[in-house]
C-alpha cells in the first residue's frame, strides 16, 4: 500500500468494483437469506453446503449488525448491546449460493471463564478445520486499537493458513483524521500477516458506506 491511506468513503483501486460486480453483489444479497443452524458444539456443525464466509471479531464489534446491513434485514442476525451474548456459531443460507457464519465474539473479559473458554475453543476449532471456509472477515472497531486477542486470532489464522480480510466497522463514529490513522494501522496489520488479504474494507452499517463494495467482493467469492 502507498503512504496515502484511503479516507472514509474512499477506497483503493482494487476495492472499486465495476458496475457489473456491484450489481452482482446487490442481486446476491437481495436474495432470500435464512437462518438454518446454530451450534455451540463441533460435532453438531452442519454438513458443508458450498462456500462459507465467516464473520469474526471482538465482542460488540458489530458482526451481527454487519450481517444485517449486508442482507438489508434489520433482525436476521440478533445484535446485542451486551458484549459476549452471542455464544454459538450461527449459519445463514444466502440464496443457496453463499453461507454466512456469524461467529461468537472473542476477548470479552467479563464473561465467565469457563463459558469464555468453551465458545472461544469452538471458534478456533471451526476456523482451523472447516474445509469449505473460503474466507474469514475479521472485524475491527474503528474506535478501538488492536487488542492482544485480535493479534492472537490473526496469528492463529496465519498458522492455519486460513485467508482473512480485515473490515473496519463503525467508521461513522470516528472523525476523518483519527479514522485515517486507524485505517493506516489496520493496513499495516494486514501487511504483517501472511494469511491476510491486502485490502481493508472501511464500513458503517448505520450509513451504509462500504457495504456495496463488500457485497461485491463477497459475491466474487462464489465464482
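A Cβ is built for glycine as well, from the same backbone N, Cα and C atoms used for every other residue.
Positions annotated as domain 'EngB-type G' by Swiss-Prot: 49-223.
Residues or ranges marked as GTP binding site by Swiss-Prot: 57-64, 84-88, 102-105, 169-172, 203-205.
Residue 64 (Mg(2+) binding site) falls within a helix when secondary structure is assigned with DSSP. Per Swiss-Prot, the feature Mg(2+) binding site maps to 64, 86; the stated evidence is sequence analysis.
Counting other Cβ atoms within 10 Å of each Cβ, the lowest count among the binding-site residues 64, 88, 203 belongs to 88. Scoring each of the binding-site residues (63, 170) by how many neighbouring Cβ atoms lie within 10 Å, the top position goes to 63. The DSSP secondary structure for residue 57 (GTP binding site) is strand.
A separation of roughly 12 Å, to the nearest angstrom, links the Cα atoms of residue 88 (GTP binding site) and residue 64 (Mg(2+) binding site).
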